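As recorded in Swiss-Prot, the features of this protein are as follows:
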TOPO_DOM  1-83  topological domain 'Cytoplasmic'
CROSSLNK  K38  SUMO3 cross-link
REGION    64-114  region 'Required for interaction with DAG1'
INTRAMEM  84-104  intramembrane segment
TOPO_DOM  105-151  topological domain 'Cytoplasmic'
Amino acid sequence: MMAEERTDLEAQIVKDIHFKEIDLVNRDPKNINEDIVKVDFEDVIAEPVGTYSFDGVWKVSYTTFTVSKYWCYRLLSTLLGVPLALLWGFLFACISFCHIWAVVPCIKSYLIEIQCISHIYSLCIRTFCNPVFAALGQVCSNIKVMLRKEV
């Protein structure tokens with residue numbers, strides 16, 4: 001009975017991961033496009049004082065820019081959004097696969113192998129270098145330096 005309940009729970013967790021609710025209002029909850037993609041009319045087109053166009057031209061330009069940007073984005077996202085989502089999903093799946101099945105095992109293997117070498121290296125340092133530097137330290141510890149300031 002316990003194993004059956006556990007598999008039902010695991011199946012529910014897997015289902016929840018793939019079919020979680022998405023927020024249709026806040027579509028950038030982590031603010032990854034806060035400063036990059038947010039481009040308004042005022043960020044692109046500006047008229048300095050003394051070189052103003054007619055007010056009607058300015059209003060129509062604003063409306064044209066805003067509406068064309070809005071509908072062009074909608075058209076491009078309709079045509080290319082799903083194929084690009086598929087492409088990016090595939091790419092990140094490949095990256096995750098390589099990281100899980102190649103990168104991490106290689107790093108772990110390297111760390112295991114280097115641990116053996118580090119013990120030998122440490123033994124060599126303690127055997128050969130430590131006595132030499134200890135002797136040099138003893139020799140140099142008796143050196144006295146006297147500084148005189150000549151006027």
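Every residue gets a Cβ built from N, Cα and C, even glycine.
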Sequence-remote partners of the intramembrane segment (84-104) [C-beta within less than 8 Å, at least six residues beyond its ends]: none
Neighbour count (Cβ, 10 Å) for K38 (SUMO3 cross-link): 9
